[in-house]
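Taking it in order: structure first as structure tokens, then the write-up.
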Amino acid sequence: MGDADYIVIGAGFAGLTAALRLTQAGHSVLVMEARDRPGGRTFTEVGVDNSYIDHGGTWIGPGQDRIHGLMAEFGVPSYKQYVDGESMMLVDGKIYRYGGTIPWSMRPWVSGNLATAFLELRRMCASIPVEAPWEAARARRWDATTLAQWLERHVPVRRARSLLEMALAGSYTSAATELSLLFVVYQLASAGGPDFVLGVEGAAEDARPVGGMGALYHQMAARVADGLCLRAPARSISQDRAGVTVRCDGREVRGSRVIVSVPIAIAGQIIYEPALPADRSLLHQRMPSGAVLKCHALYDEPFWRADGLTGQSAAPETAAAVTIDAGMHQGGPGVLAIVNEGPTARRLTRMAPADREAAITEALAHRFGPNALVPERFTQQDWTVERYSGGGMISHAPPGVLTEFGHALRPPCGRIHWAGTETSAVMYGFVDGAVRSGERAAREVLAADAVA
Ligand SMILES: Cc1cc2nc3c(=O)[nH]c(=O)nc-3n(C[C@H](O)[C@H](O)[C@H](O)COP(=O)(O)OP(=O)(O)OC[C@H]3O[C@@H](n4cnc5c(N)ncnc54)[C@H](O)[C@@H]3O)c2cc1C
């Protein structure tokens, strides 16, 4: 007899969903979470006035049915992202205002090159079998190519290339030289294509849960509260014929099976006894995470809206590479989220926090005017130093990894089952993908024990 029927490692969206579904199926579950809070790569700070800031995963979009399903289950409504105005692109010091996804107000050869690159990406996505991208007709060739090489060849106009590089490599919070083209096309395809992943309205940043992601994950955590153990980092998992034993600091728990839902970039920090099969073990060494720094500047009011701006802007190589309006569902302060990714994020994290804030607010003022220079409050969330995320936003595959090791992403290793957004064939990297992976892992565990 174990401590619980099943053990889940990690209380992010994947782990919480798995635990919830197993509990609903009538099983006892222990969730071992390393941090002192649930949520993982989502992290909502709620103020005394009920204001909320999402320091990690924030937005949801159409087609993300599983996160919408959970929100309906727990009575969490959503609200639309503010898009009523123009967005901005800053290239070589010049500001371009535009609507939609492609900045047509730029020089025609720049916009035209961006449009043809999007067409090409859409075409490539259509050829990817998302359950097994390593079986795509051009899988080997694309997996031997970096995103940087593809951009060099297919996006000859320098300004177009630097914008697309920032948008694409930025999504994986890495340099374009680090990323397998096959991985990039697979991730885009898993979410329906580049228009969804890089878009806002009707796309990946279409809406937000009222109250932030925490409005949902706290309710999920409450539903499994009897079995939720915080400050319990799993250090080792051993399995035998009858079950699994998970050792955390100062605690050992036993169950029939375990679902590991930690980011794949840090799954190798757990010791597995006996050792995992070679391909799974080596996969853990080959899917790193990137670097992301997410800041928020809070003002009395969203003054950019009066200037006809959405608050959305992209400016490669500045200290505020991407900005987006992150205001609450009704009123409250004006909030700009500033997201810096990959090499820019790493450069900024080497600065002292006060210097970093000054560099970022100066970049904001250049774009949005002097009002932006002195926010009422400025927050900084540096995911690169989050030990139990291993960086952010998501783990990616460098060249050669998907075709050699991708097949090991999902299959269980004996009594060890794998969840986490990186194991989802649909909406890889999104909160919705995490939820899907948790539901899949719970089904898998139940099916395995039904057969046994
Ligand atoms: C800055 C940022 C912005 C993002 N924006 C969006 C967005 O707008 N929309 C979107 O859909 N997605 C977004 N994402 C991605 C999204 O947050 C993730 O895809 C999702 O939260 C992953 O959930 P998960 O459960 O798979 O992993 P995680 O949330 O990482 O959960 C894993 C859990 O395991 C725990 N853990 C780790 N190691 C151990 C251990 N040894 N023992 C026990 N517990 C352990 C961790 O503490 C964590 O709680 C963003 C991410 C970041 C960082």
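Glycine too: its Cβ is placed from the backbone N, Cα and C atoms.
These figures come from a predicted structure and were not determined experimentally.
Per TrEMBL, the feature domain 'Amine oxidase' maps to 13-446.
Residues annotated as FAD binding site in TrEMBL: GLU33, ALA34, GLU422. Listed in sequence order, the residues of the same chain lying 6 or more apart from GLU422 (FAD binding site) and placing their CB within less than 8 Å of its CB are PRO263, ILE264, MET287, ILE394, SER395, LEU409, TYR428, GLY429, GLY433.
In the three-state DSSP scheme, GLU422 (FAD binding site) is classed as helix.
ALA34 (FAD binding site) falls within neither a helix nor a strand when secondary structure is assigned with DSSP, and so counts as coil. Contact annotation for binding-site residues (GLU33, ALA34, GLU422) versus ligand 1: GLU33, ALA34, each with CB under 6 Å from a ligand atom. Least crowded of the binding-site residues (GLU33, ALA34), judged by neighbouring Cβ atoms within 10 Å of its own Cβ: ALA34. Considering only the residues assigned to FAD binding, GLU33, ALA34, GLU422, the longest pairwise Cα distance works out to 19 Å.
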